[in-house]
């Protein structure tokens, strides 16, 4: 091998010498006669095998340079000869020899490698509507079917076309946006074997067909000197090949700083933020700032205006004449608009510079963030004549204050003050009204009700002073009795623009003098008829009022009490509880869905709240609102519910308040949404799938037991342990048909349970679940007790269930149709859940923490009977009340462990002070639930964003004495039993 190479070198040297001699014997070539350099071997293509030698010789009279190019990469040599001793696949490419005149010759070399048919250049990019080259040149030109193939056998798009070149690769024609992220291989058949290249993923750069979309965070800013100015420009385009900048109007100098932040949002959406800031704005920074962006298609811009003032301001604009005339008994609204920066912190209306009124609304002129204009409306209703005067609106912020005054005059019908006296031969009529009344006199012979003959000019005096500067004007008019020569009636008539009134005076001649006979106007037949009609009308109104008051009125169930002298208590008026406006949530961020429950005056609607927890997050919530038919009482009740919920705070086992809308529209209360509805119907749905190890059959056992008499029998050896009640329908363990029977009409969420929710809770119900529900409700009630809150309507229908089988105590209030709910019995002026109420609540109208404990015992009976109604088959009548009073209680439900029935019996103790507290109940149930359930609940409580508030120990009992503050009437007096 070495000898062969030496011979080759010798021949190469001889060839060079011959060329030199030939060149020296020929005339030199002029620069204009330069020829192409010649390459040996004289071929356009050369095929070698991997490991072979590549030897290329370039001859030219002058200097030559070799250039090797493959996949866009270049390498150079200045020797006339290019030698590669052991060729590799990567030596495949175009070899070019260039002389000093710039003329060149090329040869393409294929290095055949069975292991490497394709040379690969990644990544693969393509521009929309242009051609793109898939760089996969071949190392062996003698293959067949050189083309593109989809990954994993997937077909290529039907409209994709390409052109194959073994030396360059495969060119895809007219790239489309739909090809983005297309996976493909270069493929070929080499000696009957199908070969694939490495995987290419085509990334398409979208063609720019429109100008960028430009927007700013706010279109105008108003600042005080020294405040920070910060505005963000958002540029949207299909790719990052967009330029952007902030420009100040008139190129004024400013100390503004800019910061850029960009990201891709999807495949063909590019976003860039240009944030402009001035840390301490000055008056001369005021002006117009333009955000400018451009791409290859064109440019776009948007502006924002900055106004910097040296200090804050308030400008008031009355929206009506400041002098207002209104008739007696009518309404008027005093409306002002005002501009204020910074935001106003104090607004007030003052009457006659001494008393304030709160019958006003204040709201922004628009929802725009840049809004500085506000509207304030004072509502004056059914104005009386004495309520005229000055009404001054005061508004202030941290810098200035301002005010505007309205002069309100109340137009009143004239009132005759004096008309039936003769003084020194003069008859006087005194009238008061506004505007100033006019008085006319009329005379008619005899005793008449009205006169038609006017009396000539009379002496009329106007009293300059009035009751108040804005009160009635008093007018005096006198007439000489010598004007009248005969017996008769004199009528005084006073009138103004509002109305008129009159009074008459009767006199008769007696000798040479006149004397008054009587002032007959009060007892005329017309007046008598009017008085009778008015009396009948009053009686009718009183009857209607009585009937209205006898109707069951809505009352907030949850009551907050305050302790006095340690034991006795009174209810706190919920309207006096504070409301923190931090709960306010914008109405326009609520999207309402289906109605979850409805009552006579209110309803609960499923809604989506945007930005309630996070600025860009959507959350499903429940919104309680009033129907248009609601009265003032119901509106106040809903506001009271809101105040009670905000006062209580958050706990995992109550339906927590999330927000509210009280400004600019009807009141909306936003609470947590519980997807599984109320616990009562959940239990009834799960009857068929309930798993319980306790299989005792209670179908043949009496339902009621006289607990009081049973205690006495243990002492007195009495054999009268049970009472033969024989209810109309005996208790039978529910059959499958019974279990499928619809529960209660109007139940919250039951009729709207979606398949998605049902699929999400396919697990069966077991005894551990019932114990967990008992435990959670006791925890929630312990929390309410720690807040001095009495529920008054604790039942399974008022317990909601959400994900993780977490129970939450609620009060449906206005949203429950208690009128059509048989669980609520009409007593007095309320509908009450009698079967869940403690004896002291039924007979003495006493509601305490202990009465809630009784209701909790009834709830446990519902729970462990899987949603059966308490006291089944028994109507609420005098017999029912008598049994409760005599100590009869329900026996253990079908699925209740003995320990849970013991808790029920202690909850139903006739002596309220012997019943356990909710804190003690929690401790009792805690011993029965499994460690895993307790552990899961503890973890949920710790991970919950609403942590439990520390409980207050109610071991010191509040005395079970009814508060005089309670408006609820006793259900049944002792004599009715």
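Glycine is no exception: its Cβ is also placed from the backbone N, Cα and C atoms.
As stated in Swiss-Prot, the feature transmembrane segment covers range 526-546 out of the listed 463-483, 484-504, 505-525, 526-546. Swiss-Prot marks one residue of 401, 716 as N-linked glycosylation site, namely 401. Secondary structure of the domain 'Ig-like C2-type 4' (318-411), assigned with DSSP and counted as helix (H, G, I), strand (E, B) and coil, comes to 3 helix, 57 strand, 34 coil. In three-state terms derived from DSSP, residue 892 (phosphoserine) belongs to neither a helical nor a strand segment and is classed as coil. Mean pLDDT, taken over the domain 'Ig-like C2-type 4' (318-411), works out to 91 on the 0 to 100 scale. Ranking the modified residues 822, 892 by other CB atoms within 10 A of the CB puts 822 at the bottom. For residue 901 (phosphotyrosine), applying a Cβ distance below 8 Å and a minimum sequence separation of six or more within one chain yields 892, 893.
In the three-state DSSP classification, residue 822 (phosphoserine) falls within coil. Within 10 Å of the C-beta of residue 937 (phosphotyrosine) there are 20 other C-beta atoms, taking all protein chains into account.
Per DSSP, the secondary structure of the domain 'Ig-like C2-type 1' (27-112) breaks down as 6 helix, 46 strand, 34 coil. Separating the Cα atoms of residue 937 (phosphotyrosine) and residue 571 (phosphotyrosine) is a whole-number distance of 33 Å.
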